[in-house]
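Below: the structure, in structure tokens.
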Amino acid sequence: MDSNFIFGIIAFTALVLVLAVIILFAKSKLVDSGDITISINNDPEKGITLPAGGKLLGALASKGIFVSSACGGGGSCGQCKVQVKSGGGEILPTELSHISKKEAKEGWRLACQVNVKSSMDVELPEEIFGVKKWECTVISNDNKATFIKELKLQIPEGEEVPFRAGGYIQIEADPHTVNYKDFDIPKEYHEDWDKFNLWRYVSKVDEHIIRAYSMASYPEEKGIIMLNVRIATPPPRNPDVPPGQMSSYIWSLKPGDKVTISGPFGEFFAKETDNEMVFIGGGAGMAPMRSHIFDQLKRLKSKRKMSFWYGARSKREIFYQEDFDQLAAENDNFVWHVALSDALPEDNWTGYTGFIHNVLYENYLKNHEAPEDCEYYMCGPPVMNAAVIGMLKSLGVEDENILLDDFGG
């Protein structure tokens, strides 16, 4: 055998061995061996010890500390912000769309993107330590509109979810397959389902997923959690887009099924002032509106002036009408209005028509003495939210009086 060939093999093998030694040495320096410690809020009782590896979001969850992450750790929702004081390494490009330069300088990171390589020091909001997980039972899952179901969950006996009105929970789902043809939908809602042949869709999920949903229930509705879930069907102009994974899963649930939730989370809370409250909602954005209004009038017995403006396509898309009619009859300080954007001939609708932001402006805010002094609570489709915010800005309403829930629409 040629001596040069043999020498080449020996040299190549030696190079590989040297590189392997360098990598192992670097790893030993960059990653702690054995267990590492995560100091939390500079409180020895809150700190955790665990093996190095994985992401900070998962490390905290493994010790029962659940940080909100509607996307399940994919880095797309930006909810899992925590402050890493030391040990988190450099901020990653995947985080920069959710974290400003100022926040980055202050150590803010996305927990789902921070590698647990060594001991670190983090700051977490105190309310996170009240977050728990529960295995709930489906009580009912009924259509309230063409594309919206009301999911009602039973909390385990002896347990309670200590949430505030306007808060949200996260739902988990294991890998699954959902056939839309198996959905239980009343015939009164079949028109659009037949028109776009939505029954043909199948949602196949190969991984564990987590999503966030605002609660429609309010704190005095003990033992239950109630959600309004709009199914995310592919848009008519792009029918090949996969349907929404979690909404498809939720729509497939039946009474008696078990569902894992975690919470409570939230920041869309009512201000403790005497200012007038104006609620604006559309679609599944009804959920936090119901929670807030019921809480103000039923639990707090609030005397603040308040109105609710809800936008729907047609009469069949209005829900909780009897509940709000009753609240208006029982409370002189509350009124509510519905505007239909696409009323059907059979609706015989004589109420407001058009988009809700225009209706609110033309029929109330245009002649309001001081619209800038009101507090505005809104939740609905992104287009509605943007239109309402633009209208409020034109009236001189400051950001601090515009409160938006991004989940319910």
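Placed from the backbone N, Cα and C atoms, the Cβ positions cover glycine too.
According to Swiss-Prot, the features are:
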{"type": "BINDING", "residues": "C71, C77, C80, C112", "note": "[2Fe-2S] cluster binding site"}
{"type": "DOMAIN", "residues": "34-128", "note": "domain '2Fe-2S ferredoxin-type'"}
{"type": "DOMAIN", "residues": "131-271", "note": "domain 'FAD-binding FR-type'"}
{"type": "TRANSMEM", "residues": "5-25", "note": "transmembrane segment"}
The most crowded of the binding-site residues C77, C112, judged by neighbouring Cβ atoms within 10 Å of its own Cβ, is C112
What DSSP reports for the domain 'FAD-binding FR-type' (131-271) is 23 helix, 57 strand, 61 coil
Rounded mean pLDDT within the domain '2Fe-2S ferredoxin-type' (34-128) lands at 91
Residues sitting within 8 A of the centre of the C71, C77, C80, C112 CB atoms ([2Fe-2S] cluster site), not counting those, run L57, S68, S69, A70, G72, G73, G74, G75, S76, G78, Q79, L110, A111
Counted with DSSP (H/G/I as helix, E/B as strand, rest coil), the domain '2Fe-2S ferredoxin-type' (34-128) has 18 helix, 25 strand, 52 coil
